[in-house]
Structure formats: C-alpha cells, structure tokens
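S.K.: Have a look at this one.
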C-alpha cells in the first residue's frame with residue numbers, strides 16, 4: 001500500500017519534475033538531452049548483452065567510488081557486460097571519461113513502474129549493484145519479482161537520511177525484505193540501517209572501497225609529464241571539488257599568499273562542470289592571471305591560477321600538487337573524499353563540515369592525518385602557509401594520512417567475496 005501512495009505521488013509530481021529538469025537545463029543544457037531515457041525509452045541505442053551486471057551511481061562522487069569495483073569486475077568477469085547508469089550529466093561524462101566504450105551507459109529512469117519495466121526489459125541484468133545511498137522502491141520491487149538480486153555496495157546513510165527514513169520505518173519492511181545485501185562502508189551507517197529494520201543477517205560491514213585506490217603506472221607517467229610542463233620549480237596547492245561559496249574564500253587566501261610567495265600556483269577545480277564558467281568569471285573579476293586546463297595552454301611565470309575545467313583528471317591534478325585542500329567542507333555540503341590526495345602522501349587541509357565521511361575523518365583527525373580549518377580566508381591562508389614553510393610538517397601530515405589509507409585497504413576484496421555467489425549463479 002505504501003508503494004502505491006509513493007508511486008501515485010511520483011506520478012502527480014511529474015509536471016514539477018519536468019519543470020525542475022527544465023530549470024536545471026538553463027544552467028546546464030545537457031539536462032535537456034536524452035530526456036526519453038528518464039522514462040525508459042532508448043530509441044536506437046545499443047542494448048547490452050543479457051545477464052550482465054547493472055551498476056547505478058547517481059553522480060560523480062558515486063562514479064568515483066564505483067571505479068575500483070568496476071575495474072576489478074571487468075578483470076574477474078570479462079564475459080559479463082557492465083551497464084552503468086547515472087542520474088546527472090556530470091556523472092555520465094565521468095563514466096565516459098573513465099571507461100569509454102568498455103561499459104554501456106544510460107540514465108536510470110525515474111522510479112515509475114512503467115519506466116523501470118522498460119529499462120529492465122532493455123538491460124536484462126543478472127545482478128543490480130547500487131552505490132552508496134540510492135533506495136528506489138519500484139526498481140527494487142520489479143527486480144525482486146524477476147529474481148534479480150539488488151545489492152547496495154559501499155553503503156552509507158547520513159544522520160539526516162536516517163532521520164527521514166525513520167519517519168516511515170513501519171512502511172520500509174517490505175522493501176528491506178527485497179534487498180539481497182547491504183555492504184556498509186562503516187559501522188555508523190551499518191547501525192543506522194539496522195535501526196531502520198534491515199535484517200542483520202543480510203547486513204555486512206565491508207569498509208569503504210574508496211581506500212582501495214590504485215595509482216597505476218599510466219597515471220604516474222602522466223603526472224611526471226605534466227609536472228615537467230607545469231611546475232617549473234614552483235610550489236603548487238590545489239583546491240579540489242569546490243562548491244559555491246568556497247571559491248571566494250580560496251581566492252582571497254591565495255591573494256594573500258601570493259604577497260609572500262609570488263611564484264605560488266593554485267589549481268582550482270570546481271566540483272561541477274556547470275560552475276566552470278562561473279568560476280572563470282570570478283577569476284576575471286578578481287583580476288587573477290589564469291589559464292583553463294581545457295585549452296591545454298601551458299602556464300608561464302605570470303600565471304597565478306589554473307582552472308581545472310576538465311573531466312576525469314582530478315587524480316592527475318592531485319599528483320602534481322604539493323598541498324591539497326578538499327572542498328565541500330568550508331560550506332555545509334559535507335565534504336568530499338580526502339583519500340585521493342592521501343594516495344600521494346600529500347598533506348590535506350579541510351574545513352569543519354565533513355559529515356559525508358564521518359568515519360574517514362574521525363580516523364584522520366585521531367592520527368593528525370588531516371588539518372581542519374575554520375571557514376575563513378585567514379584560517380585557510382595560515383594553514384597553507386604553515387605547510388609551505390615546513391617540509392617536515394608536510395611529510396608528517398601526509399604520512400599520517402597515508403597510513404590510515406593503507407591500514408583500511410581490503411574493502412574491495414571483501415565486497416567482491418560477497419558478490420561472488422550472485423555473479424556466478426546460473427539463471
């Protein structure tokens with residue numbers, strides 16, 4: 001009965017949803033493209049071979065989280081096709097940049113019975129893996145009716161989401177019974193799922209697969225090549241995955257730092273592509289000498305900022321930097337993954353708003369493997385300056401964070417072990 005009301009409400013809201021997509025397309029015209037896929041219509045698109053793996057990652061962050069899993073699945077099960085779905089154009093671009101034609105990519109339809117029915121008929125998977133937090137009752141129900149396992153991998157549940165689901169806890173039990181496995185990334189999320197009524201015998205704490213980063217030889221070669229072209233013996237700090245309200249703070253800090261370190265270079269990488277031009281306009285307004293990564297222009301001695309407006313190159317940007325600030329943390333967005341810069345033993349600075357990754361930041365703070373600052377330009381400037389002035393501090397901070405990364409590896413293998421029965425079953 002609850003799913004009936006949920007579906008009815010979703011149908012009633014379709015005009016509002018379409019208006020919302022229209023508003024999004026004003027800032028990012030890509031939202032207007034492939035609209036039919038949102039309703040399970042695929043036209044002349046090639047359909048994947050049946051009995052493959054269907055993986056859903058809502059946007060860029062989830063795609064990044066899924067990357068080591070997909071790479072390993074491609075290696076271990078090369079005979080199984082992989083269908084990758086996202087919701088956002090940025091997620092779509094990240095899939096294409098990372099995997100090219102080695103996976104099939106579509107937008108996941110809205111969670112309407114007829115749309116989901118068409119999608120499942122089109123893909124015909126043997127297993128559905130959803131990354132991190134996505135719960136779609138009609139998708140789960142229709143997969144269950146077809147005996148297709150539904151797994152939430154690297155699952156996390158924020159306090160806010162747990163509170164919202166808690167209001168309808170009594171109505172969740174049928175949906176919980178249709179989910180084959182939840183592999184939680186930390187104890188906090190695991191306890192929240194259990195509190196909401198998910199059966200403990202189907203709940204596993206595997207750890208966060210984001211710890212299983214791989215800085216492969218190809219990436220290291222690209223880093224060496226770009227470092228030769230860009231660094232020119234200049235110190236570089238990166239402000240990565242920044243959100244609205246953070247760039248102004250970062251640029252004010254950088255302006256003050258340039259007065260003391262005239263050859264300091266900032267790599268400024270906004271989280272979302274639709275903000276690339278907005279940040280470029282801000283750089284012009286603030287009269288910084290900058291270049292855009294997308295133009296392949298090389299920095300000269302006058303370049304103060306490089307705007308990272310390319311897709312799929314964040315690890316490359318981290319690799320050539322000396323100090324990293326991880327964004328989404330000076331504003332109440334919840335922060336982003338600090339493990340990527342730590343893979344290079346790089347000192348990491350973050351704001352105080354890191355509630356998206358409570359377990360990771362708790363461990364890093366305990367071992368002094370991250371430097372937390374208040375949401376002011378002065379605080380950020382002092383943190384960067386302290387690290388620029390002390391190689392010992394940079395190494396101590398970077399090494400402490402790197403040890404946390406290494407000690408927590410293995411989540412990917414634990415997840416793969418849990419997935420193996422579903423992947424190898426005969427249908």
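Cβ coordinates come from backbone N, Cα and C, glycine included.
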S.K.: From the ranges 4-24, 25-45, grab the one Swiss-Prot calls transmembrane segment.
M.R.: 4-24
S.K.: Within 10 Å of each Cβ, count the other Cβ atoms, then let me know which of the recorded positions 62, 132, 313, 340 comes out lowest.
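M.R.: Ranked by other Cβ atoms within 10 Å, the recorded positions 62, 132, 313, 340 bottom out at 313.
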S.K.: Taking DSSP as the reference, which of helix, strand or coil describes residue 270 (CMP binding site)?
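M.R.: In three-state terms, residue 270 (CMP binding site) counts as strand.
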S.K.: Restricting to the same chain and to sequence separations of six or more, state which residues have a Cβ under 8 Å from that of residue 311 (CMP binding site).
M.R.: 90, 93, 94, 97, 273
S.K.: Does residue 210 (site 'Transition state stabilizer') have same-chain partners at least 6 apart in sequence with Cβ under 8 Å from its own Cβ, and which are they?
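M.R.: For residue 210 (site 'Transition state stabilizer'), the qualifying residues are 64, 65, 154, 185, 337, 339, 360.
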S.K.: For the CMP binding residues given in the record (270, 271, 311, 312, 313, 337, 338, 339, 340), what is the largest pairwise C-alpha separation in angstrom?
M.R.: 19
